[in-house]
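Per TrEMBL, the features are:
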- 8-226: domain 'Radical SAM core' (DOMAIN)
- ARG17, ARG67, THR101, LYS162, ARG264, VAL265, ARG266: GTP binding site (BINDING)
- CYS24, CYS28, CYS31: [4Fe-4S] cluster 1 binding site (BINDING)
- TYR30, GLY71, SER125, MET196: S-adenosyl-L-methionine binding site (BINDING)
- CYS259, CYS262, CYS276: [4Fe-4S] cluster 2 binding site (BINDING)
Amino acid sequence: MTAGLVDRFGRVHRDLRISLTDRCSLRCTYCMPADGVPWLASSTLLSTDELVRLARVAVGLGVREVRLTGGEPLLRPDAVDVVAALAALETPDGPLDLSLTTNALRLPALAAPLRDAGLARVNISLDTLQRARFLELTRRDRLADTLAGIEAARAVGFAPVKLNALIMRGVNEDEIADLVSFAVERGLEMRFIEHMPLDGGHTWRREEMVTGEEILAAVAERFDLEALGHDGAAPASLFRIAGTSATVGVIASVTRAFCDRCDRVRLTADGQFRNCLFAHDESDLRTLLRSGADDARLAEAMQACVALKRPGHGIDDPTFVQPVRPMSAIGG
Ligand code: SAM
Ligand code: SF4
């Protein structure tokens with residue numbers, strides 16, 4: 001086997017995002033239409049053994065970090081078993097760095113089992129602190145459950161607990177500083193994300209997007225910020241709130257694309273390997289695996305997929321076309 005997951009531009013891929021399911025308990029307007037999207041057929045979903053085998057092959061190619069996502073990853077009935085199996089994977093640099101992105105609704109029940117299974121860190125999506133707005137944004141009246149999930153994550157000692165907010169004009173841009181205050185008061189790390197054209201309803205408009213710069217300006221109205229740069233390949237530009245150890249991050253995927261340092265690859269719940277959130281092509285590892293391919297063949301397919309990675313997502317290119325799969329089916 002040759003070197004790892006390296007593309008034509010010399011980018012080395014060490015971060016694998018695995019989608020555990022495309023289903024979700026919320027219907028965030030920026031992610032899914034009200035009626036959801038056509039769900040993946042259950043026969044196409046990878047079993048835990050299949051998923052862990054592919055992760056092991058990826059580790060053999062240099063992957064050191066795995067983030068579980070979805071859809072809502074904790075809707076997968078055996079999510080804790082998946083975590084335990086992945087946590088047991090050894091890399092030459094020690095255990096995998098294993099984390100989870102979740103809407104937190106199931107964390108009151110699952111935070112402790114997930115921690116015991118080996119999960120180290122969680123990112124929780126929280127776009128608003130207002131109940132009516134949460135209902136409008138997610139089409140479900142479940143802010144209290146999300147907040148309980150955040151408390152559960154803190155209580156069992158995940159470190160860090162990061163909060164992700166997607167800011168939209170005319171929707172929640174007036175809450176930017178409030179979200180930072182909420183996070184700082186609880187020792188959580190706030191991250192803001194620019195809205196990307198990945199919604200199932202295809203409603204994204206560039207001119208309506210709240211930019212990273214605007215978000216920072218809103219934070220700076222309440223807090224003094226010190227720029228920290230970014231942490232390795234991580235996408236967030238980080239800022240310290242002066243006089244504290246709290247940080248705020250802005251993930252400006254559209255206006256300040258970080259494609260040149262991208263180290264991510266993705267595996268969908270139905271076993272398709274992707275070299276970018278915005279890729280149009282996928283490598284069908286499920287069919288390969290179910291037709292008896294050995295690990296070397298699976299590794300070759302992953303490498304071939306990475307070799308075709310484009311230099312950037314091209315959102316600002318007039319010829320940009322949104323991928324067919326919505327974010328919920330790719331794995332955010
Ligand atoms: N259900 C989990 C959650 O919400 O955290 C995990 C999956 S969700 C797709 C992962 C992240 O993607 C969330 O933080 C969400 O805000 C973000 N996201 C969804 N649609 C997006 C879009 N169109 N642009 C930018 N981020 C998006
Ligand atoms: Fe579900 Fe996450 Fe999409 Fe919201 S952003 S609908 S919680 S997958």
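All residue numbers here begin at 1 and follow the chain in the order shown.
Using the three backbone atoms N, Cα and C, a Cβ is placed for every residue, glycine included.
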For ARG266 (GTP binding site): intrachain residues, at least 6 apart, with Cβ closer than 8 Å: LEU16, ARG17, ILE18, SER19, PHE273, ARG274, ASN275, CYS276, LEU277, ILE330, GLY331
Integer Å distance between the CA atoms belonging to CYS24 ([4Fe-4S] cluster 1 binding site) and GLY71 (S-adenosyl-L-methionine binding site): 5
Among CYS28, CYS31, ARG67, LYS162, which are recorded as binding-site residues, the nearest neighbour of SER125 (S-adenosyl-L-methionine binding site) by Cα: LYS162
Cα-to-Cα gap, ARG264 (GTP binding site) vs MET196 (S-adenosyl-L-methionine binding site), nearest whole Å: 17
Annotated binding-site residues ARG17, LYS162, CYS259, ARG264, ARG266, CYS276, filtered by Cβ under 6 Å to ligand 1: none
Close-lying binding-site residues around ligand 2 among CYS28, CYS31, ARG67, CYS259, where CB distance stays under 6 Å: CYS28, CYS31
VAL265 (GTP binding site) and CYS259 ([4Fe-4S] cluster 2 binding site), distance between Cα atoms, whole Å: 12
Cα proximity to CYS262 ([4Fe-4S] cluster 2 binding site), best match among binding-site residues CYS24, CYS28, THR101: THR101
Residues satisfying Cβ distance under 8 Å from THR101 (GTP binding site), sequence separation of at least 6: ARG67, LEU68, THR69, GLY70, PRO73, VAL122, ASN123, ILE124, SER125, ASN164, GLY332
